[in-house]
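Pulled from TrEMBL, these are the features on record:
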TRANSMEM  21-37  transmembrane segment
DOMAIN    48-126  domain 'Inhibitor I9'
DOMAIN    147-597  domain 'Peptidase S8/S53'
ACT_SITE  Asp155  active site, charge relay system
ACT_SITE  His219  active site, charge relay system
ACT_SITE  Ser546  active site, charge relay system
DOMAIN    652-747  domain 'Subtilisin-like protease fibronectin type-III'
Amino acid sequence: MALSTAKSSSKNSTMAAQTSPLARLSLIIFTLSMFMWCSYGSSDKRQVYIVYMGNLPKGKVSTTSLHTSMLHEVLPSSTVGSEVLLYSYHRSFNGFAAKLTKDEAAKLREKDGVVSVFRSQKKQLHTTRSWDFMGFNKKVKRSIIESDIIVGMLDTGIWPESQSFNDTGLGPIPIKWKGTCQSSANFTCNRKIIGAKYYRANGDISPYDYKSPRDSEGHGTHTSSTAAGGLVSKASLYGIAKGTARGGVPSARIAVYKICWSDGCYDEDILTAFDDAIADGVDIISLSVGSFFSSEYFDDTIAIGAFHSMKNGVLTSNSAGNSGPILSSITNFSPWSLSVAASTIDRKFITKVKLGNGKIYEGTSINTFDLKGKMYPFIAGAAAPNTSQGYTSEDSRFCGPGTLNETLVKGKIVFCDYDSDGTGPAQAGAIGAVFQSGGYKDYVFPYSLPLSNLNLDDGRNVLNYVNTTENPTATIFKTNVEDDQFAPFVVSFSSRGPNPATPDILKPDVTAPGVDILAAWSEVVPLTETKDDTRIVPYNIISGTSMSCPHATGAAAYVKSFHPTWSPAAIKSALMTTAFPMSSKNNLEAEFAYGAGHINPAQAAQPGLVYDAGEIDYVKFLCGQGYTPKQLKLITESNFTCSEETNGAVWDLNYPSFTLSSTPGNSITRVFHRTVTNVGSPVSTYKAVVNAPPGLIIQVQPSVLSFKSIGQKLTFIVTVGAEIGNSMISGSLIWDDGVNQVRSPIVAYASL
């Protein structure tokens, strides 16, 4: 698995989303080919498999002995040992990770007590202004028990010396905490970072990584400070985006579970971290990690871990992924977790280019360098090919590494016909670079030299100036922050729905700030991946659903601090039904881009009504999805039996959104049964307000809900009829009591 950042600053990490769609397609093709090669490799080769067995066995049973015994039954006795059994999951659920051949895995798959057996995958890692943008300012009402909330961060670790994790003013560690701190010569915990562990089943740690919970990538430090970092004034990246950095719950505690390294995040480590985090007593789990491919619910370690978290009253907040804007590209979509898309905030980063003729063009980037307005010689990359290495102007126009003639480029600003990481111009000694590309420009990157990325129209004008002017000159200004009047909209890289596993459950659930977010950073990671970049910063600006996920995590923790007994489903409902509505004018994919809308943390603590759900509701849902009674008995602690009465239709899962799909050109009608719980005024009356555009018919019975006490539950039925063409139609249902507006999206679409 990999982290869900739009671009990672780690030395060897794979980018989940590139500026170029071609690059993204190439990555998908490469990954698919590697996946198929691995999947159809020799059956004798040992690979890491996850054997998931559901709940812990009752009574005094040694799960490790049980797992070892199972391995003895399928493996030669001489091979069973620590080099085969990597992890035994025994604190929160039952299972193990082991090195197996395909044949051995197949034998285990047939054994009683086994829910699923699947190959471990390597997953990918998918601020100052962002909280204020949501109306969640520093003076927002705080719960007196916020400092008892523990946020579990499953990520690349943490940089404990960051001012965002200063524990000044915090009281004793909460009594409920059962975790530990893997202290070492270079890492200690405090009253802010109350626990920290690292996981690496294969034991292979590269020179780029720390054998401790310390963060060598920056990603985990960034996400942790976004979710629960303390207040740090005058934070910025070289003066850019200056302000007060803070998390959603500044006085909450952080528990660190380092599952990701410079080469990715492995399933066996992820599931072990879940096992520990649940047992340690965290209140919320945040995981900005995802797969390249979607999987069945119980063939995916994140969905498995989130299910057991839910059973134990812990909500898991997941990044949606960075493979957008392709439809059905979302990889974290289990109904018991919160799936978070990434959207913009009301600022954008503009880097201006001034030409010798006085004209100024606006591009995008994060340029921390200040050329003081000095004009430098300007040359087109096409005019400076490195012919000594066999390159022509057709190569050098793109400014790839090694393609430029250093003698011609050194000390000049170079114009390039493609958006890259700037390595080529930097290696050739250029003082700066101007790119032109037709790629998405709704998020930006820092570079190792002054650089601005122009659109094709402006790029064409600038290139014409370079090619037709004798002794052309230019300068690149330091990045300036400007207002973005179109915000919020979901960024291009954010993975889209519909849900690939259960089409009639809307995913993502919500969107949150994930573009150009300033937060804490590891002070060992250079600002860019370019070899000669030595800039080390305490705060960095990056983008990704990795950045939106901890915003939702912080918001969920905020709600939890006011309502510590609420279930994960109730907290998720509060975030969804109070979300700011968004418009398809800025995102054609509509709810497949932003779900219920943009999170509104302050309002989420007072939602009025919640759509609650527990383990039994999800088990009924799984019955309806075709899971067998044998599998469900292992997953749950009950003797639940799937029957015609208990097979839960997907439309009856008590979800805070309504979704129906059919083949193109058909008419369809679905009936949804829902129950809401009153968490607002004891005596209140809610009226149904329906928004039904042409092609959608929505009926609600009853249309009035009258509550007489807090905690009272009332049931209603929504009947939706839709004329489905080749696209989607969306409306909404709002329960309104004059104070609270409890809004749910209603989506009908054509499935392929």
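Glycine is no exception: its Cβ is also placed from the backbone N, Cα and C atoms.
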Across the domain 'Inhibitor I9' (48-126), DSSP yields 23 helix, 24 strand, 32 coil
Counts of helix, strand and coil residues, the domain 'Subtilisin-like protease fibronectin type-III' (652-747), according to DSSP:
1 helix, 62 strand, 33 coil
Pick the one among the active-site residues His219, Ser546 whose Cβ has the fewest other Cβ atoms within 10 Å in this structure.
His219
Proximal but sequence-remote residues of the same chain as Asp155 (active site, charge relay system) (Cβ under 8 Å, at least 6 apart):
Leu3, Leu125, Asp215, His219, Gly220, Thr223, Ser224, Val256, Tyr257, Lys258, Ile259, Cys260, Ser286, Leu287, Ser288, Val289
Rounded mean pLDDT within the domain 'Subtilisin-like protease fibronectin type-III' (652-747) lands at 95
